[in-house]
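Have a look at the structure below, then the notes.
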Amino acid sequence: MSPKFLLFSIIAVWSCAAAIEALFIQPRSLANFLSMTLTAAKRSPQEYDGYGNYCGWGGEGTPVDSIDRCCQVHDNCYGTVNENECGHYIRNVKLIDYDWHMEGTEIVCDPKDDACGRALCKCDKDIIDCFNENDKDYNPEYNKVIG
């Protein structure tokens, strides 16, 4: 077997595995984030999705206010976690599951999760805390989806 064929075969198998995983695995971390938002944020997830330049998919430019800045920090947090604590995973960190619960009004990340899950949970906890701390700055005109 030629080295080129072997390399091609390995790349093809890896690509197929990644595609299958993306199609059939639910985005668990996103589901956790949605659940956390529904449970602990002062506003509904729909009020944040499409808000400013960073809330929702992607993000670029300058945040329009403190709520949008929360989303920019969250995007950066996921990027850092993807490179560090979750770097051993082939898949996107948005597919990684973690456990959390509420203690009164406080979000608590499960210390039994691995470093990756704990770090992702902290990113999500921090954005919910940031949303709630900056709720007075929320401006519906900045929401491209429902505004």
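From the backbone N, Cα and C atoms, a Cβ is placed for every residue, glycine too.
Positions annotated as signal peptide by Swiss-Prot: 1-19.
The disulfide bond annotation in Swiss-Prot covers CYS55-CYS71 (among others). Shown in sequence order, TYR48, ASP49, ILE67, ASP68, CYS70, CYS71 are the residues of the chain, 6+ apart in sequence, with a C-beta less than 8 angstroms from the C-beta of CYS55 (disulfide bond).
The Cβ of ASP75 (Ca(2+) binding site) has TYR54, GLY59 as same-chain neighbours under 8 Å, each 6 or more residues away in sequence. ASP75 (Ca(2+) binding site) carries a helical DSSP state (H, G or I). What Swiss-Prot lists as Ca(2+) binding site is GLY56, GLY58, ASP75.
According to Swiss-Prot, the feature disulfide bond maps to CYS70-CYS130 (among others). DSSP assigns CYS70 (disulfide bond) to a helical segment in the three-state reduction.
Residues annotated as active site in Swiss-Prot: HIS74 (among others). Every protein chain considered, the tally of other Cβ atoms within 10 Å of the Cβ of HIS74 (active site) stands at 21.
Within the same chain, residues at least six positions away from CYS123 (disulfide bond) with a Cβ under 8 Å of its Cβ are HIS74, CYS77, TYR78, VAL81. Per Swiss-Prot, the feature disulfide bond maps to CYS77-CYS123 (among others).
In the structure as shown, the Cβ atom of CYS86 (disulfide bond) sits within 10 Å of 21 other Cβ atoms. Look at Swiss-Prot and you will find CYS86-CYS116 (among others) tagged as disulfide bond.
Annotation comment: Swiss-Prot describes CYS109-CYS121 (among others) as disulfide bond. CYS121 (disulfide bond) falls within a helical segment according to DSSP. All protein chains included, CYS121 (disulfide bond) registers 26 other Cβ atoms within 10 Å of its own Cβ.
According to Swiss-Prot, the active site annotation covers ASP124 (among others).
When the alpha carbons of ASP124 (active site) and CYS86 (disulfide bond) are compared, the span between them is 15 angstrom. Close to the recorded Ca(2+) site, the chain also has TYR54, CYS55, TRP57, GLY59, CYS71: residues not among GLY56, GLY58, ASP75 whose Cβ is within 8 Å of the site's Cβ mean position.
Taking the recorded positions GLY56, GLY58, CYS109, CYS130 in turn and counting surrounding C-beta atoms within 10 angstroms, the largest count is reached at CYS109.
With CYS86 (disulfide bond) as the anchor, the candidate recorded positions are GLY58, CYS121, CYS130, and the one with the nearest CA is CYS121.
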